[in-house]
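Accompanying notes for the structure given below.
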Amino acid sequence: MKIGLIGNPNVGKSLIFSHLTGIGVEVSNYPGTTVDILSGTACVKRLPVEITDLPGIYSLDGVTDEERLVRDMVLAGTFDVLVVVLDAAHLERNLYLLLQVLEHQVPVLAVLNMADEAEKNGLLIDTEALSRLIGVPVLLTAATIGKNIAEIIPLASEHAAIGTYHVPYDRHIEAAVRTLMRVSGASRVSSLLALQGIGTDASLLESAKTIAEEIEEEHRMPVPVILAGNRHHAAAEIRHQVVLHKSVKEMRGLDNWLLSPFPGIPIMIGILLSMLLAVFFIGSYCEELIVSAFDTWLIIPLQAASLDPLIYELLFSFIIAIQAGLGIAFPFVFTFYLLMSVVEDTGYMSRIAFLVDRVMHRFGLHGQAIIPMVLGLGCNVPAIMAIRQIGTKRERHIAAFLITMVPCSARTVIIAGIVAVFVGLYAALSIYLIIFVLILLSGLVLSKVTSGTQLGMVLEVPPLRIPSPAMVLTRAWIHIREFLVIAMPLLIVSSIFLGLLGFYGILDIIEAVTAPFMTGVLGLPPFASTALLFGILRKEMAFETLVVLAGTATLTDVMTKVQLFIFALVSTLFIPCISTIAVLYREQGLKTALQISFYTVLLGFTAGALVHWFTLMSPGL
Ligand SMILES: Nc1nc2c(ncn2[C@@H]2O[C@H](COP(=O)(O)OP(=O)(O)OP(=O)(O)O)[C@@H](O)[C@H]2O)c(=O)[nH]1
Ligand SMILES: [Mg+2]
């Protein structure tokens, strides 16, 4: 009987080999110690068993010479049993190779070595669950202390089994495999290999090539990359089901819920939606209190005092800027960051990434890209900076486009403050829906037109934790402080600037020039153009400026509900704020910054014009 020891580099194969055979081989703590293939014999029940120590490899893809060598030996049926040695302390990374070995339909025993290290790291591995899941026996060992090493050969020779687990590949891949199996009568593994251009059957390779080209056309990435992405996802999923951190043992039941598509996805939508609603309700409740306090105590007395017109204009612009900042933006920004901070601290964010990973691949993105996108709900600037971590240039390019469309907290201020307050909750939610659909469509189009490759990556899902109030408050405070020290002064200066422009009649000129477009195409009052313009400085300033220009916080006095809806939609979508453009330029270059700015202007005006046109067509609205 021939047994092969296969596994990632540095997992302890050679140490196990010398325990089993008594042959002293080089064992060292760096990958790639074994380069030659060494065999030895052990006796089990007086029958000789030949054991081979193979060089460490990460996959059977055949990228390196060692990988090709090992794969060819496996394909040639050299071994009766493969003992796959895994590092129990880094199971997810090691599972990738195991999943690939299982595809080869050879009897397998999985040995999770380094049990001592896993234990030291506080990891508990449910070997029975793993064994049930993949259909092969699983043994936990620690080669340095000889733990369970004596079990390896008896288990391997008597109980090694052909795995029952199939990596759930992308549906195009699965369809291709089915077709190849039917047409050429090939096995699943030969069909999968043929799709990657590996194999000896010329006619199978020929048909696989045509199908693979179609898939690559559709996905805009090579088949091996798609397969790798799927395997990584499967490895993450298995790891999640069988490994738990001691400290979070009690959280595990909850986590199983959170991470499975059902009820995970409804829960995710529920959590995000209730966050938005909480921001709406708490924000607008506080807004009303603060705004009316300003009106009663400052604005009305100011109007009653007979002041020099210029002084009055300056004072009025100053007060209304503070009213807009503290009264309108602050309650929403504060509530948002507080809730967001809780979500981040619990570790739920990575669960969102895991849940949407599959869907994101359709948009040419890895699940990890969802984290900057969710961060973008707070502010696009750190979100754009966070895409640095994303694997390839192509993914970064797509992510930059999509993130700039994500409604940040400033845009939530506009949507909540204008639409939720004056038009209604459903109208406000419908803006999110419109933006969501536009992001999906843009993602689909971008993933088709952007060239380059997509990388598979391992998603780490950190343990769930009860958030610590101190951490949550500190994190929320960092964002809120940024708002107070950067946004507020900017708001005050621009409000005074605006007051002066109005005082000297310059706003009238700008408005007169843009009026035909504003009124004719978007159906908005002419002064909306100034508000949109100031929205480029900071998004919520579009709203605050509108209040300043309207001269009242009760916007329905000066605009219709439809106008308010269109204004909010356009100012949310069109051109990112100046800080976002700056960071886009720094991170992605001038071309991308310009492309995105142009694209969003087009999108914003088109969406606004369409809504206007639609309401003209249906006067009943
Ligand atoms: N803590 C701990 N260390 C181990 C265990 N098994 C092996 N090691 C150590 O891990 C390192 C790598 O062991 P090797 O046997 O050389 O690993 P390998 O898989 O043959 O590595 P390559 O030949 O590079 O593929 C050595 O320093 C071993 O002492 C274990 O169960 N626990
Ligand atoms: Mg070795």
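Heads up, the Cβ atoms here are built off N, Cα and C, so glycines get one too.
Feature list (source: TrEMBL):
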{"type": "BINDING", "residues": "7-14, 32-36, 53-56, 113-116", "note": "GTP binding site"}
{"type": "BINDING", "residues": "T21", "note": "Mg(2+) 2 binding site"}
{"type": "BINDING", "residues": "G22", "note": "Mg(2+) 1 binding site"}
{"type": "TRANSMEM", "residues": "257-283", "note": "transmembrane segment"}
{"type": "TRANSMEM", "residues": "314-340", "note": "transmembrane segment"}
{"type": "TRANSMEM", "residues": "369-387", "note": "transmembrane segment"}
{"type": "TRANSMEM", "residues": "399-423", "note": "transmembrane segment"}
{"type": "TRANSMEM", "residues": "429-447", "note": "transmembrane segment"}
{"type": "TRANSMEM", "residues": "483-507", "note": "transmembrane segment"}
{"type": "TRANSMEM", "residues": "513-534", "note": "transmembrane segment"}
{"type": "TRANSMEM", "residues": "565-584", "note": "transmembrane segment"}
{"type": "TRANSMEM", "residues": "596-615", "note": "transmembrane segment"}
Among G7, G22, P55 [binding-site residues], residue with fewest other Cβ within 10 Å: G22
Annotated binding-site residues N10, G22, P55, M114, filtered by Cβ under 6 Å to ligand 2: none
Beyond the flanks of the transmembrane segment (429-447) by 6 or more, those residues with Cβ under 8 Å of it: 220, 276, 362-365, 397-398, 401-402, 405-407, 415, 419, 565, 568-569, 572-573, 603, 607
For M114 (GTP binding site): intrachain residues, at least 6 apart, with Cβ closer than 8 Å: V11, G12, D87, A88, A89, A142, A143
Separation of alpha carbons, the residue listed as 'Mg(2+) 2 binding site' and P55 (GTP binding site) (Å): 17
When distances run from the Cα of T21 (Mg(2+) 2 binding site) to each of the binding-site residues G7, N10, K13, the nearest one: K13
Recorded stretch that, among 369-387, 483-507, 596-615, has the most CB pairs under 8 Å to the transmembrane segment (565-584): 596-615
Recorded stretch, among 369-387, 483-507, 513-534, maximising Cβ pairs under 8 Å relative to the transmembrane segment (314-340): 483-507
Stretch with greatest number of CB pairs under 8 Å, the transmembrane segment (513-534) reference, 369-387, 399-423, 483-507, 596-615 candidates: 596-615
Candidate ranges 369-387, 399-423, 483-507 - greatest C-beta contact count to the transmembrane segment (596-615) (under 8 angstroms): 399-423
Sequence-remote partners of the transmembrane segment (399-423) [C-beta within less than 8 Å, at least six residues beyond its ends]: 276, 279-280, 283-284, 287, 328-329, 332-333, 336-337, 363, 365, 369, 372-373, 376-380, 383-384, 387, 390, 431-432, 435, 438-439, 442-443, 446, 538-540, 542-543, 546, 555-556, 561, 564-565, 567-568, 571-573, 576-577, 580, 584, 587-588, 592, 595-596, 599-600, 603
Local Cβ density at K13 (GTP binding site) - other Cβ atoms counted within 10 Å: 28
Assigned element (helix, strand, coil) containing P55 (GTP binding site), judged by DSSP: coil
